[in-house]
């Protein structure tokens, strides 16, 4: 039977796995029938115990082991990345501090004599910073013992599997980088400067032991080596050491200055060594009148009488003065002695040495005039080689970082030049060229040459959705139509919004053209006009501002249960009055969002759409105007009818009077003169009656015509269907 250990099984310690037979307790594994379960026979004095197989002897429970695994750091995590940056900084600090130990020794000039001394105050300051840097090296070792690594056998696919076993991590680290890190963290300069050198000087009084500091700086090699794998780890995790191009250029310049700092410090120490060598050579030549002792070169012997007597008669210091005509050649170290660099305060001599290193690295050591000394010649050769290599690296890296700053600007310049050449080749008119130039310039100012769509599409869907929500949600909420929607619908909208840029005078859509997108204004102004008012000469124009939208015909089309393939025609002409930034929803995306709108069981969104739709506003204004005109027509018709009724009454009364007068005229026909006089008076009254009758008929005819004529009305916009399909 094959036994498989499950991660959920809790293994107990030996004190719980063993049972005493004398007490007749039930064995823990009594029900186990595996053949490897054996009973061990113990001596009589001891009680019989049940032997537990080796696989069950775990002192740590699985859940405790998971806790230990949680303490292991991920090499690609933020914590390790931040620590690598901090440790890189302190590595650079340590590399700058170590050469400062060379400046502890100096030459003190007292009249005609000189001596060598040590700057204790400077030594304390340098030791403090060096010790502080050493603590970070020790902490780095501790962190590397707790940092997981990727198994080489699991790199077939993806990142690979992290090994989080502390024992395996420690074993791998001890076999690889532990020795280098251990050597780098040892406080060797402090030990040599404060313990070894003072004891040697007190016993032998030989200041040439400063060369021991050069031997100690062998530790500088592993410290310098640690910079490169550390930078490689940061580049592997983030792609670059620094986040900005200027910081990267400064980082490379800092490395070049570090090399100049090391060169200047070594030149200073070798100058001190060269001065001491000359003193010893001249000291060995003197025998009378007083014996020269190398102890006299130490400033600690200034109080001794024999030293004072010796300095009054010796020629050692005059024979080692480079300004005199002497046989000893100082070579490239003569400037440090003639200009009293070795006797100057710390700041002055440090800056001069830094300038010496920077000058000779940049000129590849061409200004160095060496002597025949082997050490001096080798030093000059190293200066020339390192100067050539480091200067080439500096120029290359600086050029790379600085070009990365202007690469997009250069691409934009090339694109603009190609655009100008194309417009000239195609003989475009000047107005079109100006529009193209304005658009290219405005797009550069808005995006700085960054293709946002490509960046977003390269990200995972969930991350892309969160970014779009962060960028667009607050702006989308400014649109009153979207302010009525829930977060889920807004997420769907933000995910499909695309930025749109329009320059002044650009036509977004023309009246009668198919509507391909719905535009939501974020910045700028648009002019929306239409001539479709149902009658000749109709014109309506409005200004769209931030928060408004256009292309609502597309929303009505998308909300149809069975929308056609043909896109709706625009009822308005939309033109940019200034530079406009907006979000656009394409027809397909709007169709998807519109299907989500059907979940809204409220008329509130429909009323909001009507209120903020400029097409509906125009229709409502025309509707009010038509209603007002209809009211005016009715009022006019009523007044005309009233006037007609009065005119008809006057006409009937005039006809009756005329008939009465005519009858009286026939009854009195016997009197000829009187009858003729009466007939002449009746004819004018009868003519007036006929004219009044005709006027009344014309008035009635005009009223009927006005009543029959209807003023054309603007057609009502399509009603968006916000209901839910059953």
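One is the number of the first residue shown, and numbering goes on along the chain from there.
Here the Cβ of each residue, glycine as well, is placed from N, Cα and C on the backbone.
Just so it is clear, the model here is predicted, and its values are computed rather than measured.
Residues or ranges marked as topological domain 'Cytoplasmic' in Swiss-Prot: 1-86, 144-177, 233-252, 399-726. Residues or ranges marked as transmembrane segment in Swiss-Prot: 87-107, 123-143, 178-198, 212-232, 253-273, 378-398. What Swiss-Prot records for 108-122, 199-211, 274-377 is topological domain 'Extracellular'. The nucleoside 3',5'-cyclic phosphate binding site annotation in Swiss-Prot covers 481-605. Positions annotated as region 'Calmodulin-binding' by Swiss-Prot, on the basis of similarity to another entry: 597-612. Taken from Swiss-Prot, the feature domain 'IQ' covers 617-646. Annotation source Swiss-Prot lists region 'Disordered' at 707-726.
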Residue numbers, six or more beyond the limits of the topological domain 'Cytoplasmic' (233-252), whose CB comes under 8 Å of its CB atoms: 75-76, 80-81, 84-85, 88, 393-394, 397-398, 401-402, 404-405
Candidate with sparsest Cβ neighbourhood (10 Å radius) among 497, 577, the listed binding-site residues: 577
Spatial neighbours of the topological domain 'Extracellular' (108-122) far in sequence, C-beta under 8 Å, 6+ residues away: 100, 207, 272, 276, 296-299, 301-302, 311, 314, 317-318, 340, 343, 346
Selection from 87-107, 123-143, 178-198, 378-398, the stretch that has most Cβ pairs under 8 A to the transmembrane segment (253-273): 87-107
Listed in sequence order, residues with CB under 8 A of residue 513 (nucleoside 3',5'-cyclic phosphate binding site) and six or more positions away: 569, 570
For residue 545 (nucleoside 3',5'-cyclic phosphate binding site): DSSP state (helix, strand, coil): coil
Mapped DSSP class for residue 513 (nucleoside 3',5'-cyclic phosphate binding site), helix or strand or coil: coil
Secondary structure at residue 529 (nucleoside 3',5'-cyclic phosphate binding site), reduced by DSSP to three states: strand
In the chain carrying residue 593 (nucleoside 3',5'-cyclic phosphate binding site), residues 6 or more apart in sequence that have Cβ under 8 angstroms from it: 489, 492, 493, 496, 558, 585
Secondary structure content of the domain 'IQ' (617-646), with strand meaning DSSP E or B: 30 helix, 0 strand, 0 coil
